[in-house]
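Per Swiss-Prot, the feature domain 'tr-type G' maps to 2-184. Look at Swiss-Prot and you will find 14, 15, 16, 17, 18, 19, 131, 132, 133, 134 tagged as GTP binding site.
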């Protein structure tokens, strides 16, 4: 065990984590030159296209150090986006040390702070790595000062590297050997392993990633899941190099994967402790903090027979990503679908895109919403995230909405516009300070979550030309003036368009959606009325005029009463059509109507 090192790479988005992982794999000959690709650990197409890491990945490397000894390094590459911070927490719990990667041209950013504090909470030894030193804008001395002043870590021994060119990579590997501690554990003790992650493999079935704390995990061993006492027999044991390599056992301090012919996805709960059936350990390891979704939306298949396939796809994805939730629901307008909960808007987009790509589904998603706490006149407290579950306004006593504490780092020249954006989103400023001797402002704001989840991050990046960074965490619930905005098309309610908005925005939002629907719904033979209502009161209306068929075209001259008779007959026909005709709203109309901020 003295020759094992478990470490994670943590950083803000785009500071070069995955590129550094590529260079470490290359240096340790993890893959042959012809097998190397950029972002080799980002296995999903969507990760490579967006240039982001979504799933934390693990890889075992063998490295011969300058002291002549051969070391086994278990590397975890983690995501940097705030939506995927739970992936970072899980990876850190399986390691003893962290490489803190900072872009030497950008400096310390909001997620750098959030992730380094997580590492400190896990008692990690931290090695500071300043990346991109080959860039003309690189300023390592300024960034070293920032690290000491903001984070409070001594940066005199920071390693200067360029993950792109490979400069300084060997120094990083030597620092991992000399500065990071070896894992603690007893090989002779009863088996005690923590379940770090799980996913579905089409060939192997359910695959579980484990970190063995004590004892030895062997092929053929009968294991017990301590959360529910489910018993399974281990079929395969392996490690990632980053290719799958089968092995016969994993001993204390090692990270690897196992398969055990699991049938129930509920049996592989992330954070659970695995032990041996014959010789169980005395107690379970402390698990991970439960994470709860904060953004909800409904997803419906566009094909009538798509519900069954959507359920199967969600179940398989849920195995790979336990952080989102889903439950079946039905809509008058869109049929059968699922109400899903996510950790943020990027998480929602990624899951929807994976469903469409990996499972070839055609989907419609409704407007995102957060969880509101509603206290009724009778004193009952309800948690509402679906607008159609909101009680009538006369039955509501108080509505409370979630607020967050946001940490925003922004260059001084964009500060005014960012402050205006936060105020426009009903924010309350808590603190404004400057980072060390730099021209970077550190803002602390309290903001309603509903104002942040939609397009706040995009607006923040767009105003600051990409330089601002954001990190946030749920703070508390506060009383708020909330309306349920409903829509009627020809007097019929369209439940899929309903949304929950702040009172100050309801009329403006109603007008926007009505205007969009007017342009999106095809014209009919009769007039179509589109109305937005709040508590039974109409706040906005648009009308789609009918096609006009010229029924008098065949007449020439003659008595005017003949013309009047034909027009009267047309009017009666349209009236009859209006009373029985259902307006067919195209699926893309729902998507376009609910788009925000464009």
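Even glycines carry a Cβ here, placed using N, Cα and C.
Mean pLDDT for the domain 'tr-type G' (2-184) in the predicted structure: 77. Local packing around the binding-site residues 18, 131 was summarised as the count of other Cβ atoms within 10 Å of each Cβ; on this measure the leading residue is 131. Largest Cα-to-Cα span within the GTP-binding set 14, 15, 16, 17, 18, 19, 131, 132, 133, 134: 17 Å.
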